[in-house]
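To keep things clear, I will list the structure first and then write my remarks on it.
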Amino acid sequence: THTGEKPFKCNQCPQAFARSWQLQRHTLMHTREKPFKCEQCSQAFTRNSHLQSHNRIHTREKPFKCKHCPKAFAQNTSLRSHIQTHTGEKAFKCKLCPQAFTRNSHL
């Protein structure tokens, strides 16, 4: 993998991967197979990590804690977005004008 070689090629699209498990995970996208099923509801996922993240809806677990205030979040992406309210960072820049935003959806 240090050479950048990607010998594991998808036979359904141009994607290629350095490791076989990456190709196997990618293939689920084409087959639409969702082997990771939630035991609480009918949701199913292509990745176990997505199921684990989803399970926090049912458990109400919020392991991602803000170090600037008492807020906590179920998703790391929600925490990262929230932290921008403290830092004022505007990571999403418009390609047509000088404006920048805290969220991609605001572009």
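Just so it is clear, glycine is given a Cβ too, placed from its N, Cα and C backbone atoms.
With a cut-off of 8 Å between Cβ atoms, the residues of this chain six or more beyond the domain 'C2H2-type' (8-35) that come close are 1, 44-47. For 8-35 (among others), the entry in TrEMBL reads domain 'C2H2-type'.
For the domain 'C2H2-type' (36-63), the DSSP counts in helix, strand and coil order read 12 helix, 4 strand, 12 coil. Marked as domain 'C2H2-type' by TrEMBL: 36-63 (among others).
Cβ atoms under 8 Å from those of the domain 'C2H2-type' (64-91) belong to residues 53, 56-57, 100-103 of the same chain, restricted to positions at least 6 beyond its ends. Annotation comment: TrEMBL describes 64-91 (among others) as domain 'C2H2-type'.
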